[in-house]
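Chemist: Below are the structure tokens for one structure; questions will follow.
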Amino acid sequence: MSDSSELPKSEKEEEVTPEPEEQSDDSSEDEAAGDTDMDFLRNLFSSALGLGSAEKVLDELTLDGVARYINSGKCKNIICMVGAGISTSAGIPDFRSPGTGLYANLQKYNLPYPEAIFQIDYFKKHPEPFFALARELYPGQFKPTICHYFMKMLKDKGILRRCYTQNIDTLERVAGLEGDDLIEAHGTFYTSHCVSFCCRKEYSLEWMKEKIFSDDIPKCDKCSSLVKPDIVFFGENLPARFFTSMKMDFPRCDLLIVMGTSLQVQPFASLVSRVSKSCPRLLINMEKAGQVNPMMGLFGFGEGMDFDSDKAYRDVAHISTCDDGCLALADLLGWKAELEELVKKEHTKIDSQDAKEKASENKGATAKASSASAPPEPKAEE
């Protein structure tokens, strides 16, 4: 499905990414919550006592300053946090934009409320609406964007530690990021599993695609239960790997790039606070997001982004589309021509592959139709 990319979020979230309304008592989540509480208390006391002053890494809080920092060679562990905004230029709608978002166009499914289409309990009883929507937004029908390929360039240059994505459209994978490069916080269409707790048989992307486009409700070959893509529905836990990886990655991060997300959905949004106090943070988005709570900011507390106050020292907001922002940063880095060539080459490759697949499908359909319409051969005389 596409950011079908992100799944549903909280009531305030405007991106296409699912975020569970509740978390279970999963130990990884409890431990992560405990870490967050300790971080808050640690920062509260250090701020109150004037301890732990942070080093200023950027020479200026602009995109130019970020580019100079990257080119300095000191930046070797970049983490990207991305949301639905990086996939909208691929043609994938977000969830809540008035008139054009997915939730505004679900009336035909006769849902009790729009978010029900991504509620796990509703899905188990009424899977038809979800799979009908999946046909419209299925991965493979869209091409990665400039932003996706910019992250691939960071990987190729050896400075991308990880991409944390809220999206489920698999476009990061199509662009060339592999399993170890990615933390798909809200799951993915890349694999699917039987929903039966006693079975949990795994199925591939191609298997699920065949079922969805043949109008079949995917059922497990082993136990006949429903099979669901491994995307996080409301009422489900985030992948355990999200919690284990963030503890290793974020303390080592030396540049955090946040793109195409409003940073309203937890626990994803709180990741911005897990980098060191010296780590620069760049936001590329259509509006400022993730800013520190004004009341907490008055007392020097809070872990949100600070773009405008007198105390701002590491956060940069570049207000634009994600593609334009990545192109602008690539230009400052001296990578623009390389990025544009990469996008052109990869899109041509995808178009060529799509053309071959369609030709093969058409050939098969023609042969099948011809065989069905051919008159039966006369029986040999006895």
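Glycine is treated like the rest: Cβ placed from N, Cα and C.
Note: TrEMBL annotation is automatic and uncurated.
What TrEMBL records for His186 is active site, proton acceptor. Positions annotated as NAD(+) binding site by TrEMBL: 84-88, 94-96, 166-169, 261-262, 285-287, Cys322. Per TrEMBL, Zn(2+) binding site is recorded for Cys194, Cys199, Cys220, Cys223. The compositional bias 'Basic and acidic residues' annotation in TrEMBL covers 1-12, 346-361. Residues or ranges marked as compositional bias 'Acidic residues' in TrEMBL: 13-34. According to TrEMBL, the domain 'Deacetylase sirtuin-type' annotation covers 56-336. Annotation source TrEMBL lists region 'Disordered' at 1-34, 346-382.
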Chemist: Could you measure between Cys223 (Zn(2+) binding site) and Thr261 (NAD(+) binding site) for me? Cα positions, answer in whole angstrom.
Modeler: 39
Chemist: Quick check: of the recorded positions listed here (His186, Cys199, Cys220), which one has the Cα closest to that of Thr261 (NAD(+) binding site)?
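Modeler: Looking at Cα distances from Thr261 (NAD(+) binding site), the smallest one goes to His186.
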Chemist: Taking the center of the Cβ atoms of Cys194, Cys199, Cys220, Cys223 at the recorded Zn(2+) site, which other residues in this chain have a Cβ no more than 8 Å from that point?
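Modeler: For the Zn(2+) site, the extra neighbours are Val195, Ser196, Cys198, Arg200, Lys201, Asp221, Lys222, Ser224, Ser225, Val227.
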Chemist: Per DSSP, what is the helix/strand/coil residue tally across the compositional bias 'Basic and acidic residues' (346-361)?
Modeler: 16 helix, 0 strand, 0 coil
Chemist: For the binding-site residues Cys199, Cys220, work out the Cβ neighbour count at 10 Å and name the residue with the minimum.
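Modeler: Candidates: the binding-site residues Cys199, Cys220. Fewest Cβ atoms within 10 Å: Cys199.
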Chemist: Roughly how many Å separate the Cα of Ala84 (NAD(+) binding site) from that of His186 (active site, proton acceptor), to the nearest whole number?
Modeler: 12
Chemist: Return only the integer: C-alpha distance in Å from His186 (active site, proton acceptor) to Cys220 (Zn(2+) binding site).
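Modeler: Their Cα atoms are separated by 23 Å.
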Chemist: On average, what pLDDT score does this prediction assign to the domain 'Deacetylase sirtuin-type' (56-336)?
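Modeler: Mean pLDDT across the domain 'Deacetylase sirtuin-type' (56-336) comes out at 88.
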